[in-house]
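Novice: Attaching a single structure in structure tokens format; questions to follow.
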């Protein structure tokens, strides 16, 4: 398994810039997930790694092997990159049996027949497809098709496995199973993998590291826990989880990376983490996850304030409460049903992230 | 990026095969005499002559009128038949569908000769009609008849495109209209019609186009009555000034190209719209046929009547003619029945050779042509550079040149491009001319099956180590196998039917039936022409049946 | 018809069996040298608007006489012959050794443009003067009267025109019978038709009356000989004006097709042949030309329905035979620059316009 390094990669289609200088590194045995909304360039990045899109600038290397280097006009064609790519649609060849689909990569590498058979059957077995070798793609279920697609990409042991939205073609229940299966496969086989998804839950479950893309740039990269708990900017913060956005103005910059703001919706003052370059009087946006607001007992204190309950929804594992907060609503996860009018809420300062207001941020 | 060499070769060869003959034509049109004469000089006189010639304008007007007439006949009828067969419970749907395509198999010249024998002033059916009803209220030589026959014989093309589009319309949208209270007719007009509009427009342009360039029908049915059309005008120019006036012929060809190229572009446009419609809609819900109720049998009668007029009348006419020595109102056909004409054809080495060559050029040549079309389609496949755009236009151009002149242009190419000269007297020259003349049609056939192959199927092969070429052979080609076989069948049909392109390239040893039909009807007797025409039909029939055995379908 | 096959049989029987048999005494003493050279060439390439079927007797006769030489016939229409030949000549490509075509004007054009080999055939002295284009090596080879054809079931005997003058008269008297049912060549596309019409216009003083009558009857004009004769034989048309003489042979099997040799005069068409200047096989070409003009060759040509122009060939409607009936009312074409008259563009267009306006004036 190899070490993939991408530096300052630019891809544009005509005048339209898709990737605006992306750099990233995938270590040996590491699973990196490219995450981002549609149009962020994540699929283009994956296809550029595979050699299916032509970048204009930058470089792509695996270990010592340079796959692409813009300034040297070096571009190894897709078929020479020796990577494994799993397509969103699986792209199984309908005219070939499962065996032939999987064996094709070995055949191309001039492996002798006997070894092809052994290795193909091993790969099928590894992926739980034994006994399906002679079937054709249309005779398989969606989950089986996905496994064949992965087997096809893995059979010749590529240094890095690329997966394009591997779970999106499965229905909800199957997807959960496949997610667990895929994670254990990746861990068992110690794969280096780059995976594209737009689903944050999928990304957090499967990734060693998440690379969040927006508008052709890397917005943040970190472990799932890191990126969830410590977002670097408002985009990161709002991309994951269920969030509340609180608009306000800076009242005071405090010691220890804290800032006090006055909320626009009411006269409450709150203290949170300083995550921007603002001064006293600047307009700011504070973000807090719904599960980080506590419904506390009555009584004032730092970062505590009372709000009237508007309504509640039961979500199975938890309750979702909505509080009237000026003209808007504040969303709070809780374990218990609550009733009545006003409740005291509390936000720990480390969970209230204060960013520049987007207009000012740029 | 450096272009891969095989793609460069394909683009270069295609450009050469299209541009050389066309270039000679354009060059010839601005000269005062044959381009190979030293004393020819640059002049626009030829354009002046043609544009001042009242007969050109008459021919142009007639062409436009006939084309419009064909449109009026073919479009509603083709669309109606498509609707009936594709979407209703008309009896015998399964049988009707292949039957409706039969007129595609018959060359216009054979069709015209068949009508003369069957429905001409003393034709079999005319005489019978007069005996039975006292009248035969038609005149196949009138301009109206030419437009009607042209229109009727182009119904299958409209049918093909419209029914394909109709099959993409889900039942749910029709049912939604039915539940709100619309009858079958309203549903057809308000729901189906707008949805198939792009396909309809495309086939409208196609039919109009066919009308503008009509040659065989116009020559046989119109010419003797002084009814001229553009292609016939061009044909007459060959002799009108005594010595063939190449510059004038080339000028008319250029004018025809200028006139038809916008139509080609229009067709291209509608094709794109229609393709978009199909892809956007994706998989349609299972269709349930509309119920016609009391209208089932009248609808069937309409379809059968059309078949009778378009297929049975002319084919029975030419077939009867092939089995009798002579005919006429006072001739009892049973007295003159004979197989002599066929015995004669098969005893005549030239004609036997013509039959053999026709089979060769249709089957082998058709296969090779499809291979070329596939190479061309692949060169443009999944690429979006300026070369692809160039190819895109390049392959459309031959559509606009009449076959007769394309043949002459190719004669020049083979004469004046010295590396090709040794190939002139071989079947290769005819094959190349056919292949280029039918390039727009063939390339479209292949590329339409190519676009159905998902892009990621090829990329999957490339991503695991196959070169693009390898991916093409291992993935794309096997997937479009049926599409390629179908293209082969259709190209075979076109090559067997083709009659005008080969006339100039025909040499002792390279005779083909199509061109022999033209030459023989000028100098020889109609006995042989009729027998050859029937043999031609039989060959085409055998080809179609063989292809069906291999699972190839003309449609659907 | 019996006489036809009998004639071929006789012709074949009379043929010498060997290439080395004596030539007629008027042949030059060194003629054998041409034969030897031709045999070495081994073939002769012929362009003619004739099918192999029609030409087979002549080819077989030639090959019986010169067994080592094959005849490669390209059956092309007259315009294609001209186009192909000049293109091939300009391209320096291999082309025909002998051009043999009924399009006299196009042939004459090729001859005056220097495409013919000036070969004085030893048979020249035995041909009528008009058939020899002195100093150019071009020869008339056949004697084909332009005739009338009619449908016997459709016309009563008294309705069948016997002279050119009859046509206009009978049309006027029986307009219902003739209207839309007279066939002739389309003179814009059929070279033979144009030739015959221009000859008529010069010979027949009331030609333009005839033209108006043809217009009045909405006559139909064909490009294709096959279709034209078929239309008369089937009864679709009842009368054919300016039909080629071999129409009679097409009608042989068809009892409905009647033939009339106009009594006032006969326009004669003839097929011009010459060896091409840059022939690849010039000797074989000369040999073939001489054979066509020879007594044996002419006997076969006569049997093919194209009629012989030699005095010493016997048979019905040879030149010899027709001369007895018609005397100087036979109007053969003179092989010479006069044939170029209507290749002058203005003159030709003027004639075509006059012809067309006369036709429409009659309507």
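Cβ atoms are placed via backbone N, Cα and C, with glycine included.
Copied straight from TrEMBL:
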type: TRANSMEM; residues: B:56-86; note: transmembrane segment
type: DOMAIN; residues: B:60-267; note: domain 'ABC transmembrane type-1'
type: TRANSMEM; residues: B:98-120; note: transmembrane segment
type: TRANSMEM; residues: B:140-162; note: transmembrane segment
type: TRANSMEM; residues: B:195-221; note: transmembrane segment
type: TRANSMEM; residues: B:241-266; note: transmembrane segment
type: TRANSMEM; residues: B:297-324; note: transmembrane segment
type: DOMAIN; residues: B:355-547; note: domain 'ABC transmembrane type-1'
type: TRANSMEM; residues: B:359-381; note: transmembrane segment
type: TRANSMEM; residues: B:393-417; note: transmembrane segment
type: TRANSMEM; residues: B:423-441; note: transmembrane segment
type: TRANSMEM; residues: B:475-495; note: transmembrane segment
type: TRANSMEM; residues: B:529-552; note: transmembrane segment
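Walk me through where these features lie, including what they touch and how far apart they are.
Specialist: Below 8 angstroms of C-beta separation, residues 81, 85, 126, 138, 140-141, 149, 152-157, 159-160, 214-217, 219-221, 303, 307, 310-311, 313-318, 320-321, 327, 493, 496-499, 514, 517-518, 521, 526, 529-530, 533, 536-537, 540-541, 544, 554-555 of the same chain, each at least six residues beyond the ends of the transmembrane segment (B:98-120), sit close to that stretch.
Same-chain neighbours of the transmembrane segment (B:140-162): 62, 65-66, 68-75, 77-79, 81-83, 85-86, 100-104, 106, 108, 111-112, 115-116, 119-120, 123, 196, 199-200, 202-204, 206-207, 210-211, 214, 217-218, 221-222, 224-225, 227, 274, 306, 309-310, 555, counting only residues six or more beyond its ends whose CB sits under 8 Å from a CB of the stretch.
Cβ atoms under 8 Å from those of the transmembrane segment (B:195-221) belong to residues 63-64, 66-71, 74-75, 78-79, 82, 107-109, 111-113, 115-116, 140-141, 145-147, 149-151, 153-154, 157-158, 160-162, 164-166, 168-169, 173, 227-232, 235, 256, 259-260, 263-264, 266-267, 270-271, 273-274, 276-277, 399, 402-404, 499-500 of the same chain, restricted to positions at least 6 beyond its ends.
Within the chain, the transmembrane segment (B:359-381) has long-range Cβ neighbours (under 8 A, six or more residues past its boundaries) at 7, 10-11, 14, 387-388, 391-392, 395, 427, 430-431, 434-435, 438-439, 442-443, 445-447, 450, 472, 476-477, 484, 487-488, 491-493, 495-496, 512, 539, 543.
Here the transmembrane segment (B:393-417) has long-range neighbours at 14-15, 18-22, 24-25, 35-36, 209, 213, 215, 231, 234-235, 249-250, 253, 256-257, 260-261, 264-265, 268, 376, 423-424, 429, 432-433, 436-441, 443, 498-505, meaning same-chain residues at least 6 beyond its ends whose C-beta is under 8 angstroms from one of its own.
Beyond the transmembrane segment (B:423-441), the same-chain residues lying 6 or more positions past its ends with a Cβ under 8 Å from any Cβ of the stretch are 14, 17-18, 21, 264, 357, 360-361, 365, 368-369, 372-373, 376, 395-399, 401, 403, 406-407, 410-411, 414-415, 490-491, 494-495, 498, 501-502, 505-507, 509-510, 512.
Outside the transmembrane segment (B:475-495) by six or more residues, the chain places 104-105, 361-363, 365-367, 369-370, 373-374, 378, 381, 434, 438, 441-442, 445-446, 448-450, 452-453, 457-458, 460-461, 466, 540, 543-544, 547, 550-554 with a CB less than 8 A from a CB of the stretch.
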Novice: Count, for each of B:241-266, B:297-324, B:529-552, the Cβ pairs lying under 8 Å from the transmembrane segment (B:56-86), and report the range with the highest count.
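Specialist: Of the candidates B:241-266, B:297-324, B:529-552, B:297-324 scores highest.
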